[in-house]
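Before any comments, here is the structure.
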Amino acid sequence: MTDVFGSSHKDTDPSPDGQARHEQVVFCADDRSGLRAIIAIYSTALGPGLGGTRFYPYESEQAALSDVLNLSRAMAYKNALAGLDLGGGKAVIIGDPAKDKSEALLRAYGRFVQSLGGRYYTACDVGTYSEDMDVVAKECSFVTGRTVAHGGAGDSSILTAYGVFQGMRAAASHTYGSPSLRGRRVGVEGVGKVGHRLVELLLDDGAEVVICDVSEQAVERVRTRHPQVDVVADAAALKAADIDVYSPCALGGALDDETVAGLRAAIVCGGANNQLAHTGVEKQLAERGILYAPDYVVNSGGVIQVADEIEGFDMDRARAKATQIFDTTLKIFSMAEEEGVPPAVAADRLAERRMSEVGRLRAIWLGR
Ligand SMILES: NC(=O)c1ccc[n+]([C@@H]2O[C@H](COP(=O)([O-])OP(=O)(O)OC[C@H]3O[C@@H](n4cnc5c(N)ncnc54)[C@H](O)[C@@H]3O)[C@@H](O)[C@H]2O)c1
């Protein structure tokens, strides 16, 4: 157990496997504003670590540390396969955003991010919004995910949905020989920010769409605009439905042993993070002949969108970059076949290869 914010600074490594592989983990505290944050930088092999700030009431410092270590590692892999010259980082602020968020706390946090000198760029995540990033940016130059009024990219779900659509087209191409989804029946679980935009892209492409959401309001929003969309009661009904593509766009952990066993879709491709409930599910999907488009590959449109702010945001340039998710996903499917591994394993290998091969180039001496 750690107790960095209390008294002991000795035991900050709960899992040598996790933290030992991170380049840098920084604990930040400011008593007056109540800030308690952890910034984790997994890798800067490709450039400064980019990842959002999660503001969440963790039960313990240990839980916050585990989360930030996992999230920053995941960002390194996502950024690498998105073709970005960015490494992986992430931050967590421990607290209830509804009660604890204040200007002073966000600005104190901004000063700690600034103190890293550009090794870490922050952005929005669960519990933080573009308006918060504008406040952080008063103290810090290394902030993305800002409001449009401040030159930011705005709602990142636009290119997240677009990227998922590109990944799905690649999966259709691999499975059916054509990227078109015309006439395919696609089940979208969760029609929030990402899901409802994906539904529109699918309908434009001629797909039949069936949706579910725990929020009646979210379902109604889609049905009002697109009465042709079918609705099923819940996620279990969607997974058991006669669909060609299953698209998890709600929470993580949508695919476990039981759901994979009952899945009728030929393709799984969605926007949700961490879709595989545990290691091994990727094998089970492959054994059942279901093509899984790795989540962090196809949902990288959002980070591509906010990363573009670093150069001065240009939506056309960001969209062109997100279009490449089609090629990357196809490449992963081919590599998976060639190497006899599930696509999730091929994706990890490809990301590690880029971090290693491109990261290594810094060893070339540039002279004085
Ligand atoms: N927004 C982005 O740019 C982005 C980028 C990358 C990944 N993601 C991931 O995509 C997923 C969706 O993100 P979002 O921004 O659309 O969030 P959101 O909160 O706007 O939408 C999620 C939707 O899922 C619904 N939902 C929750 N539990 C459900 C359940 N059990 N069954 C059916 N529906 C359920 C919610 O009611 C909501 O409408 C998340 O996993 C998120 O981490 C989002």
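Positions of Cβ are set from backbone N, Cα and C atoms, glycine also.
Bear in mind that TrEMBL entries carry predicted annotations, made automatically and left uncurated.
If you look up TrEMBL, you'll see 1-22 marked as region 'Disordered'.
The compositional bias 'Basic and acidic residues' annotation in TrEMBL covers 8-22.
The active site, proton donor/acceptor annotation in TrEMBL covers Lys90. In the three-state DSSP scheme, Lys90 (active site, proton donor/acceptor) is classed as strand.
In the three-state DSSP scheme, Gly190 (NAD(+) binding site) is classed as coil. If you look up TrEMBL, you'll see Gly190, Val191, Gly192, Lys193, Val194, Gly195 marked as NAD(+) binding site.
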* Residues within 8 Å of the Gly190, Val191, Gly192, Lys193, Val194, Gly195 Cβ centre (excluding the NAD(+) site residues themselves) -> Ser157, Val188, His196, Arg197, Leu198, Asp213, Ala218, Cys249, Ala250, Gly271
* To do: Please name the residue among the recorded positions Lys90, Lys193 whose C-beta has the most neighbouring C-beta atoms within 10 angstroms.
  => Lys90
* Starting from the Cβ of Val194 (NAD(+) binding site), draw a 10 Å sphere and report how many other Cβ atoms land inside it. => 28
